[in-house]
Amino acid sequence: MPLEDGDLVRRKGQRANGEVSDTPRLGGTGEPLLQGTPAPGSSRPEAMAEGWELRPELGDEDVTPGGPPQRVGQKPEPCEEGLMAELSELVQKVVKSSSWWERHGVDITILACSFLLLPAGFLCLRSAQAVPFLAGVLILGVVHHTLTVKGSHLASHNALTESKSWGKVWAIFFIELCSAFTAEQATYNHVKIHHGYTNVIGLGDSSTWKLPFLNRYMYMFIAPLAVPIITPLVALNLLRNVEWKAALRTLCCMFLGLYCHYWLLLHVSGFQSTWSALLCMLLTRSLLAHPYIHVNIFQHIGLPMFAADRKPKRIHLMSLGVLNLPRNALLDWSFGHSLISCHVEHHLFPSLSDNMCLKIKPIVSQYLKQKKLPYNEDTYASRLWLFLQRYEELMVHAPPITELVGIQ
């Protein structure tokens, strides 16, 4: 049965006419990662998260009643599996008609250009003048986040290559060497849990981003500066959950990446003391930490949340629980389109590259709106103001479970 716009879901105790930037409106315009836990209530978590997702999720044990029986010879109305299959077919045509350059080349070129900028950044730090020195900090900061956020994110989804073997190599390089994290835990927690159970309470609800003991201003503006320190510490804690060989490899890669950065600051940039080099490392590695934290909470927290045994099918889960931010040149380059303006598209088709997510964006947005499904969009400033106003509700207290309404 077709769904009525704005009547798909409604939060308990809230009106149905709230705005996306306040109370999520369903017809409206990702982290320290989750601990690895088995996902209840689903027999196919991998199928939800891996691949291009260009087929419906058959066999999911979601609680979504079917439509009324059809008469013989009557064309059936599209069910939720049919909606996902229809959208997947449209996206599949675009993917098949796209060249290797569009599917992988554009994003690989961005990452390669970032590597080529590294020498300029380290050499600029040799200058005693303020402008070249600050330019060096800016270059290294942007390069670091491009490699650790964009590179690691694409590698975790194997979106840089169509080879699984090379995908594993790139995941180790970007996640462990560049980001000082563990590839196995990052991939499992992000791909299998966050993507497989987006906005499902206790699983993919982004709750690990919450630090309820901090007030709103500390969390939003001060705490992000500690991300470069917290990240390897969290990684060390998670090594208990991986095999000893993987743990040893991760430790070696983390040490090598951090020490190379430190060594280059001493021997290329000319820093005279250990503390000055470490301070510069902290400065460059936290340069874009604020938008990194903000983006990961803006695009999920504050939107509908579901219980594991009472969640809608995939296309509704992703259209309800994911939000796109506007295009931004700096963040598009450093974080990638799939984390900024194409986050809905990325959650529907997670193994597509940033450039392909941007290419299919008009198709996905038009399709969801045509089928009267939510396509959530909001500005960075609006979301920031929302979280400052409703920090206690969104980031301290447990989110309410969304009721499924309007599916008959």
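Glycine residues also receive a Cβ, built from the backbone N, Cα and C atoms like all the rest.
For 1-77, the entry in TrEMBL reads region 'Disordered'.
Sequence-distant neighbours of the transmembrane segment (108-125) (same chain, 6+ residues past either end, Cβ-Cβ under 8 Å): 132-133, 135-137, 139-140, 142-143, 146-147, 150-151, 160, 264-265, 268-271, 280, 333. Summarising the annotation, TrEMBL assigns transmembrane segment to 108-125 (among others).
Residues or ranges marked as transmembrane segment by TrEMBL: 130-147 (among others). Same-chain residues lying 6+ beyond the ends of the transmembrane segment (130-147) with a Cβ under 8 Å from its Cβ atoms: 110-111, 114-115, 117-118, 120-124, 174, 178-179, 269, 280, 283-285, 287-288, 292, 330, 333-335.
Annotation comment: TrEMBL describes 133-377 as domain 'Fatty acid desaturase'.
Marked as transmembrane segment by TrEMBL: 217-239 (among others).
The transmembrane segment annotation in TrEMBL covers 246-264 (among others). The list of residues near the transmembrane segment (246-264) in space but at least 6 beyond its ends in sequence, with Cβ under 8 angstroms from a Cβ of it, reads 122, 172, 176-184, 232, 235, 239, 277-278, 281.
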